[in-house]
Structure formats: C-alpha cells, structure tokens
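Presented below is the structure to which this report refers.
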Amino acid sequence: MKKGRLLNAEISHVIARLGHTDTLTIADAGLPIPVGPQRIDLALTPGTPEFLQVVEVVTQEMQVESALMAEEIKQFNPQLHSALLAVLDALQRHQGNTIAIRYTSHEQFKQQTQRSQAVIRSGECSPYANVILSAGVTF
C-alpha cells in the first residue's frame, strides 16, 4: 500500500505519466469535460470532495511549473481564488521554484482542457473553481 496521502490509483497513474509541460486539470462539478482527456470523477455529493482538498493532495505528488485559471475567478469567486493562490504560494516555496500564474477567459480555459492528460472532477459547486496545472521537472 502507498505511504503518501494520495491513494487514488487513477490519479497516481496519471501523475506518474506526466512529462515536462504536460497538463492536468482539476475541476469543479460543473466544468464540461471534453472527450479526449481521461476523466477521473471524484464527485460524491455537492461540495465533496472540495476543490482545494483535491488541489492540495494532487500537488503533493506533482511537480508544478505553472497554473492556469479563468480570469472570471477573480470577480466571481475571490475567496477561493485567494485560497488557491495561497496553496500555490506554499507549493512553490516547498518545491523551490516559481510557479507561473496565468489567466485566460473561461471559454479559452475550457478549450485548454482538451490538451490535459486528465480532468479530475471534484464535488465543488462554486463558480470558476478550476485550474490547469502544468508539470515541471524535479531536476
């Protein structure tokens, strides 16, 4: 049995397959998931699991180089936006690198998910609670 916090076999497998600049999307319960990427559906009930719970566990296993969010999160979900930035700030200090934070329109964001290796669907039911993480290298 794995010793780390991440017990989900599908997510562990996806992270292990990521190469430099490959992307992984962590989504709220409402984001449309395109046909191409692997769909990992964790949603149990509205709010379970929370978006930030998923982000925190995934980023303990994944080296992150950049994060992409919808510009709309700033206006329509500022509390979650601030919390996500805090998680990413702590992560960059832990990893010893700067994580580039980028924004795009929600429509462009949805198009970008098509390039992800996988989309992890949380139970989060707040607006624009989505992030695309780009894999970095550990050396």
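Backbone N, Cα and C atoms are what each Cβ position is placed from, and that goes for glycine too.
Unlike curated records, TrEMBL annotations are generated automatically.
Residues or ranges marked as active site, proton donor in TrEMBL: HIS20. Sequence-distant contacts of HIS20 (active site, proton donor), defined by Cβ-Cβ distance under 8 angstroms and a gap of at least six in the same chain, are GLU65, ALA135, GLY136, VAL137.
When other Cβ atoms within 10 Å of the Cβ of TYR128 (substrate binding site) are tallied across all protein chains shown, the result is 21. Per TrEMBL, the feature substrate binding site maps to ASP28, HIS106, TYR128, ALA129, ASN130.
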**Item:** Sorted by sequence, non-ASP28, HIS106, TYR128, ALA129, ASN130 residues with Cβ within 8 Å of centre, substrate
**Value:** ALA27, GLY30, LEU31, MET69, ALA70, GLU72, ILE73, ASN77, PHE109, GLU124, SER126, PRO127
**Item:** Coarse DSSP state, helix versus strand versus coil, of ASN130 (substrate binding site)
**Value:** coil
**Item:** Chain-internal residues, separated by at least six, CB under 8 A from ASP28 (substrate binding site)
**Value:** PHE51, ARG121, SER122, GLU124, CYS125, SER126, PRO127, TYR128, ALA129, ASN130
